[in-house]
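Over in TrEMBL, the protein carries these features:
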- 1-22: compositional bias 'Basic and acidic residues' (COMPBIAS)
- 58-347: domain 'THH1/TOM1/TOM3' (DOMAIN)
- 1-49: region 'Disordered' (REGION)
- 75-99: transmembrane segment (TRANSMEM)
- 111-130: transmembrane segment (TRANSMEM)
- 142-163: transmembrane segment (TRANSMEM)
- 169-187: transmembrane segment (TRANSMEM)
- 199-221: transmembrane segment (TRANSMEM)
- 233-255: transmembrane segment (TRANSMEM)
- 276-297: transmembrane segment (TRANSMEM)
- 313-331: transmembrane segment (TRANSMEM)
Amino acid sequence: MTRDVIRGSRESNTDSLGKGREIGPLGSVGERQERKRGPTHTRSGRGKAQMMWLAASVQNWWDEMNDSAKWQDGVFYFLSAAYSLVSAVALIQVVRIQLRVPEYGWTTQKVFHFMNFVVNGVRAVVFGFHKNVFLFRPRSHMFRSEISLLKASCFNQVFTLVLLDLPGILFFSTYTLLVLFWAEIYYQARSLPSDKLRIVYIIVNCGIYVIQVCIWIYLWIHDNRIVESIGSIFVAVLSFIAAVGFILYGGRLFCMLRRFPIESKGRQKKLHEVGSVAAICFTCFLVRCCVVGSSAFDTDMSLDVLNHPILDLIYYTLAEILPAALVLYVLRKLPPRRVSGQYHPIR
């Protein structure tokens with residue numbers, strides 16, 4: 001009888017699936033496991049909710065900053081001031097070199113600093129008048145037909161692209177001038193012919209400007225998103241080539257200087273100069289390659305619009321302002337007043 005009562009009690013504690021449950025003072029095993037899992041799942045759910053809330057808050061902050069006229073003005077005026085400062089330093093360096101060695105003409109060092117002055121000066125003017133650049137609109141009374149208005153709209157876009165892209169191409173020409181100088185030193189040290197290096201540099205740069213102008217003209221005639229993306233890819237490829245050039249010839253010159261005798265005059269200083277400039281320029285052109293290449297496929301990464309001030313601040317600071325300032329600091333030394341033999345301008 002007692003066994004039947006016990007058996008009946010056990011059967012009554014069997015769930016609908018036929019599986020037995022042991023009931024203790026704290027409840028069944030399943031109930032205890034659910035109580036154990038409950039707080040963990042609750043904390044996990046709260047963590048996910050907090051992460052989603054944080055991501056939404058950051059996205060809202062990003063959108064507010066991008067759409068804020070105050071942030072847009074503040075960022076672009078800051079960029080204009082920073083570019084103006086770098087441009088002024090480059091111009092001062094040109095004047096100092098001219099006063100130091102007036103007997104020399106336009107040496108590589110002087111041309112480099114002058115081109116830095118031009119590039120950063122153009123950037124300063126463009127960002128100083130950023131509203132006129134990004135929101136440029138031709139006067140409507142100049143165009144009498146819808147076709148003329150459409151061409152005017154295309155001209156507006158191309159005009160903005162020219163003002164934003166041309167300094168980038170000039171930046172490429174300016175800093176690849178250092179690659180040319182290093183290549184000349186390396187070839188001369190190896191007793192290799194270096195007469196055609198400057199000709200190649202000029203031809204390549206002229207070809208780059210011709211291709212870029214053709215892209216602008218096509219966009220003026222036919223507004224095409226694909227061609228605009230091709231233009232961005234073209235700039236990204238140029239940046240990658242420049243980065244490879246700095247690693248290739250900067251690395252070769254660095255290794256060549258390391259093989260010089262330890263007692264060589266200025267050896268350590270030259271090693272530091274070449275290594276620093278090569279690393280800085282390689283990094284900045286690699287950043288430019290990645291960002292510009294991404295903007296060709298993602299409109300949210302576009303740098304040619306007014307409502308991406310934070311992205312513009314990060315990009316132009318890392319890709320142009322900071323590298324230009326560091327390179328000008330590294331190459332701040334003036335040439336000696338009297339030089340015996342051949343004059344090597346960048347020291």
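We number each residue from 1, going along the chain as drawn.
Each residue, glycine too, has its Cβ placed from N, Cα and C.
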*Based on Cβ pairs under 8 Å, which of the stretches 111-130, 199-221, 233-255, 276-297, 313-331 lies most in contact with the transmembrane segment (169-187)?*
233-255
*Interface check, the transmembrane segment (313-331) with the transmembrane segment (75-99), three or more C-beta pairs under 8 A*: yes
*Same chain, outside the transmembrane segment (111-130) by at least 6, Cβ under 8 Å from its Cβ: which residues?*
72-73, 76-77, 79-81, 83-84, 86-87, 90-91, 93-94, 97, 163-164, 166-167, 170-171, 173-174, 177-178, 306, 316, 320, 324, 328, 331, 346
*Any idea what the model's mean pLDDT is for the domain 'THH1/TOM1/TOM3' (58-347)?*
85
